[in-house]
């Protein structure tokens, strides 16, 4: 069966125009770009209808002929341009709303403002560039802005760069803070950086679902207090992405071994939970619409529980598209679901185009979907005794994911791993029980502390295995290898990956030895050190400040 790539051009165009648009100073040029793309799309779609080409001779072999193929290409191009125009139009509207708050102009002038805002993301501690106590970054959504006695409504994200007192800020809190504004980096999610001149005032705590989620996360931390050091850190990390208690030595070992994705809740965790819920719906023999009614709220709640990070929302969007397709009686296909979900997310939040988490997640998914099958078949046919079908698939998944993400990760840190693939292969089986038991302990904790503690202890057994794999792999010789930095390094790695993948999958002379030798080269990516300050100031969570070779999203 051929892969359906019809939506791929639209997804790529949507990402490209969103990446360009969010770095513009205002909505003017973005709106102009939307108009140009729309006119071009109309010309591409309407032109062939108004001036049709002569009908081609029918293919005697029964094929559709060059004319039909050209028509499909024209429709695909017109649709992709129309999607790009829509993304630009939506982005222009969002930029206009952000500018109406006055925060961008105030930041350019270094003005002092008072902002009423809602905390959007968990606090992220960073080292102070001047030494002394660490700073804390908190992304908030401004609701009102007071400047020179004039209060106006606002709908714009602001990055608060505060002191340690901000470390206990909670997602969903309504806060009031006064401080001086500074411009944010071009293309960053925050419209401005706010440096508080005083303490924050909490207007009220989180309400509704966000308060429930905060209580659940706090309950898991409480029931893991007396577990082992690794379990105190990894059980909350695997279950809900809370890495506040992760030991620096263990964190470094997980980076070196390519296992940081275990604690940065990603599409892999979402897929585990979704698969279990779908299986339970199947056991209960629920119909299509009943499954949608169950899976929709449950998966939405899980997104809130682990925080809607780029990788998680990408996986949720893809899952949502798949559920809708199934309910409408259409077959579920991974590539169209990925492309459609990506377009929907970029329409809702164009700043995802510049998120490393989103790009890595989408790249890993595309690599798995497109590369796992061919690589697994090649392994199985080339060395059937060493790689029976289940083993071939298990090896192909991390190789395909890491090969797709490698060029992106090299942009963050010019280093390559040696043991990331085997470390992931050995550690991945423990991720499923660790995730499911950790989530179960989270849900039970508010009502039955002893039971939640027992479940968390069992989850700690699985995370112990992950910690051991990370420690051993990081201590092996040559765990990190240097690579050419920047765009040249990314381009070189992409070229090497393509050549090696072609040799491993397509070449008829790829014998056993050559095929086995290609495997370590298919995934030469290593978890980089934390992102530079501009990226951290965008409001990334700790797990995504250190992206790693991804798990199957």
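Positions of Cβ are set from backbone N, Cα and C atoms, glycine also.
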Any idea which of 455-474, 515-534 is down as transmembrane segment in TrEMBL?
455-474
To the transmembrane segment (358-379), which of 259-282, 455-474, 486-506 is linked by the most Cβ pairs under 8 Å?
486-506
Arithmetic mean of per-residue pLDDT over the domain 'ComEC/Rec2-related protein' (240-506):
87
If you count every Cβ pair below 8 Å, which range out of 73-97, 455-474, 486-506 shares the most with the transmembrane segment (259-282)?
455-474
